[in-house]
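*Asks:* TrEMBL lists 681-692 with the feature compositional bias 'Basic and acidic residues'. Residues annotated as domain 'Ig-like' in TrEMBL: 73-169, 182-270, 275-362, 368-455. Summarising the annotation, TrEMBL assigns domain 'Fibronectin type-III' to 507-603, 690-791, 795-891, 893-978. Taken from TrEMBL, the feature region 'Disordered' covers 589-618, 676-697, 773-801. For 992-1013, the entry in TrEMBL reads transmembrane segment.
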Amino acid sequence: MTEMPTSYTAFSREDIYLPCEATGIPAPTYVQYGRDSSEGDELLDSYEGLYRCYASNTLGTAMTQTVQVIVEPQPVLLKQQKIHKRAFEGESVVLSCNPPESSTPPHIHWMDKSESMVHIKQNDRVMVGLDGSLYFANLLKSDSRDDYVCNAQYSAARTILPETSVRLTVMPSNDVGHGRKPHLFRPTGSHTTVNALRGQSVTLECIPKGLPTPKVEWKKKDGRLDETGGVLESAARWLSFDSIAQTDDGEYECRAFNIHGSTAHSSTLTVEAAPYWVKEPQSLLYSPGETVRLDCQAEAIPTPVITWSINGQPVTDVDDDPRRSVSGGVLKLRDVEFADTAVYQCEASNRHGSILLNTYLYVIELPPQILSSDRVVYRVTEGGDIMLHCEAFGSPRPHVAWEGEDMVPLLSDPRVSLLTNGTLELSGVSHDDSGTYTCSVQHTNISITAHLEVFNRTEILTSPQDVRVLSGSSALLDCRFYKDPRLLDYQIVWRKDGQKLQESSPDDKDLSLSDVEDHSLTLSWIPGHSHNSPVVEFIVEVREEQHTEEGKWQLWRRVPGDFNHLQLTLHPYCTYRFRVIAVNEIGHSNPSKPSDHHSTPPAVPDSNPTGVRSDSTDPKTLIITWDEMDKHLHNGQDFQYKVSWRESPPFHVNDTGTYTPFEIKVRAVNSLGVGPDPEPEIGHSGEEKPDDAPTGVETTVMNSTVRVKWNEAQSIRGRLLGYKVPVTASHRLKTQIIIQESRVVEVRGTRTSEEVTGLRLFSRYEVSVTAFNSKGEGPHSQPHRFSTPEGAPGPPESLTFESPTEKSMILFWTPPVETNGILLGYMVQYQQEVESRDSPLQMEIISDPSMTRIVLEHLDPSSHYIFKVIARTATGDGPPITRRFATLLDGVPPSNISIVTGNTSLNLTWVPGERDRNHGFHIRYRRKTGVEWEESEEVNSTQGLYSLTGLQPGTQYQLEVMHGNFTQWKDVTWTNGPVPSEMPGGFATQGWLIGLISAIVLILLILFILCLIKRSRGGKYAVKDKEDKEVDSEARPMKDETFGEYRWVFSPIAVHNDDQRLYMKMDDASPLPPISTKMKATISRYSQSPCSSDHGPTNRVSISAVNHVRF
């Protein structure tokens, strides 16, 4: 329960307010029980009674203690007559005030109505008593007034009543000089008994009368007054206890006295107590099978009665369970089960009231984990005690074990003890205890390590000796000591008769600390030598040694050079050292020697964590995170974070689950108390994808831009990141091609409209809208369709030309890629380029959109023209495609040809004329020693390159190009390579050649014989017909009459070059013998040889020599 009702008095229906608030997951539902009343009952009295609130969810029921609502009517002043009192000067008078009674006593104000309602000034002679009456110890003439008014202020009823109006007349008297001994207006008699409740405010009153005005003094008969909580107020007429304690119980006496005598009254103050808690049970997690003990101890006077309830039902009304036992304030439950998860109530009551506690018992299984930091280094001096921390968490409660470096359990050592929270306490530490310790959770692989460093004990080697010196002379007391070299910071403290004289380091120092308070001090220093350059500033540095890494100095402040002190405000629960650095124009001095250690006392946290937020991913889970506070802000020991959350807004009890808003707070807490109340942040449980699609999608089209609007999505189930607007287009390109184009426009934030630009004109579009959060997109809205209007087309895609004559040109173009509408035709504009720039613009309109060419006549062959072609729709003309063309002139053969020579070829290159049409010509060539000219194939003048092949190496050639009967170009050049030599001897002397020819003749003869045999078997056929058909034998089936005969099938021959030898290989045959690289192989495929049968085509290979061979 986070907010509970309290008992109060109601004066109207508007006063009825019983707050009841609880937290829980799932969110709790509320039931409030009280006195029955019919619905719509307007009587205020019907609300009077006892009330109790119950908050329940699936894990249990919590409840509040019983509260009482008292109903009273608004205080009303009965009509009274004005009172007139007369008294003599020096007498004692009481002006009574009797306002209407109420359970909430009013606050009384006496005022003078005749002087515009001025408060009556109170002092030791005139004062208002606890009963509201106005007491005059003795009267003065100035006390006469026409209107003493008693105003009763009822704060709870928000009412002020002028209860009494009194006219007081003070008459003169001759007895004023005689005086009177003191008597008491209040209390009456010699003894009274006052009962009080612990913690409440109590006032003992003693109002005297007499002349002169008596003085009052108090004492405690059975003790000292200054040891109580009583405070004297109103000229000692009141002894007030703001929050009375049981130690204030006893007998008190007030004594009033003046010069004529005295009087006394004793009051016995008896302090009883409503129940208050001494020990409260804790809400904890338990694992199945554990034994739970809930201790609920309360004290009160009289002794309270303690009762137990489970989920709001008294234990006596719950079914008996042998595992459960109740004995006074102790409830035990053995072998707990998951079904034992519940809220247990402990209520303590006596005649003064009751108090109630809700304790949540959660039976669950959670994996173990170690909360203490790993690899912590602990330092201790030899002989000291040290605690190594290993706090573990889990359900069932994990058991931890400590081991040393030798992996031996440590509990066998009597100096070692293991605390219930997993902390290892080691007493009387020695150097043998140095090393690494391991804390592990039993039956798991979870562990941390801690390293222990043991320092040598600091010892005094030579203590000061007794000395005897003459008065006024110097005395030297020597103190030699040993310390561990690892202890860098240490102090030497001298004491005289037990009082500290001085703290010093072995070297002189020039820093001092003064005006030391809890969290502030003044740092002073003595400037050193400036070395002839004035000091411009001092840098004050600080090192906090309790919470930060040792040896790290930080800049605190810069101080002007004419200052030698600084007021410092320090954090609580920190240990500081300071040093100062002087700075002049030359540079920085060495730092001063550090000051003494100064530790500030702890305090409650003065700040809270920042960055409080929720990083929830699971819709049913709220994960609260915050930025860790720096240790120097902890301000004390046992620092913790108090995490609070509640569903926002309060009283919203539906279990929405997904992205439920919560108010979350994280508050700093230490052993002294809690930090300031932080402002709540809003966090949420985990998200899911949006559940609903946006509705009301509508569009407004403006040319190539559309504004899309939609209604805000309702069921986001998370933090809305924005909307996505998919836009899909169907538009026509070149009047026939349909293009599907899509894109997604992302709208960040909560805007519900967006302009989409860059749309294609004359296109159909489909748009939808979907909301998205961090989990993804929700469903899309229903598709909304719209069309963009027709617009001016784009430029034609291309523009080329042909020039059949020097004065005519044919323009060719292609339609625009983006027609943006229905094409109506084209506009062709052209203008001659002249220096004066004033040539007329000529225009041709083409009304047929399918016409993409135009013939232009009577053009000037000596000029260039600028041509523009513009596509047209009903909306207007589009941008033009612009080109610069000129007609082509009659071409001629080239007259400037370059030659690149090769062994058997000549490569001829030339630059064609920019505006020349193509002209065909032939290149004539012959050997220098030859007679007949040879001609190349027809060459185009625009190709710029021709290779003349089949020439002989090392040979001189004449070349020329003719244009009509005129020689356009000629040249003489050599091919590369050696000149071929004449073969010695005649034809008949070449034996190898004769052998080759004989072999060829023999082969031909054999083939001829085989051919005759074949024809005699297969009959005659027309060779010409077979050749014309060119039927591939591989695609024809084998005839039945040819079964058993051989068939030659030659596949296309592949030519391979390996190690400068040429191979020819057919698909299903072995490689042919190698052919010399100086031979030229010509391979051709024939449909049918004259001697083949119907079995398919054959291949013919002819071989010719490349070099000239002399026979």
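Numbering starts at 1 and runs along the chain as displayed.
Using the three backbone atoms N, Cα and C, a Cβ is placed for every residue, glycine included.
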*Asks:* Restricting to the same chain and to residues at least six past its boundaries, which positions have a Cβ under 8 Å from a Cβ of the region 'Disordered' (676-697)?
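*Replies:* Hits for the region 'Disordered' (676-697): 605-608, 612-614, 616-624, 645, 648, 657-667, 708-720, 723, 752, 767-782, 784.
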*Asks:* For the region 'Disordered' (589-618), could you work out the same-chain residues 6 or more beyond its ends whose Cβ comes under 8 Å from its Cβ atoms?
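*Replies:* Beyond its ends, the region 'Disordered' (589-618) has Cβ neighbours at 489, 491, 503, 505, 507-513, 516, 518-519, 521, 523, 525, 528, 541, 543, 545-546, 553, 570-583, 624-629, 633-637, 639, 641, 662, 664-676, 678, 681, 683-687.
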*Asks:* How about long-range neighbours of the region 'Disordered' (773-801): same chain, 6 or more residues beyond its ends, C-beta under 8 Å?
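*Replies:* The answer is 687-695, 697-699, 701, 703-704, 706, 710, 713, 716-721, 724, 726, 759-767, 809-823, 826, 867, 869-881, 883, 885.
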*Asks:* Please work out the helix, strand and coil residue numbers for the domain 'Ig-like' (275-362) from the DSSP assignment.
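*Replies:* The counts are 6 helix, 52 strand, 30 coil.
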*Asks:* Looking only at the domain 'Fibronectin type-III' (795-891), how are its residues distributed among DSSP helix, strand and coil?
*Replies:* 0 helix, 48 strand, 49 coil
*Asks:* Of the residues in the domain 'Ig-like' (368-455), how many are helix, strand and coil by DSSP?
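*Replies:* With helix first, then strand, then coil, the domain 'Ig-like' (368-455) has 3 helix, 43 strand, 42 coil.
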*Asks:* Run through the compositional bias 'Basic and acidic residues' (681-692) and tell me, per DSSP, how many residues are helix, strand and coil.
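*Replies:* Looking at the compositional bias 'Basic and acidic residues' (681-692) with DSSP, the answer is 0 helix, 4 strand, 8 coil.
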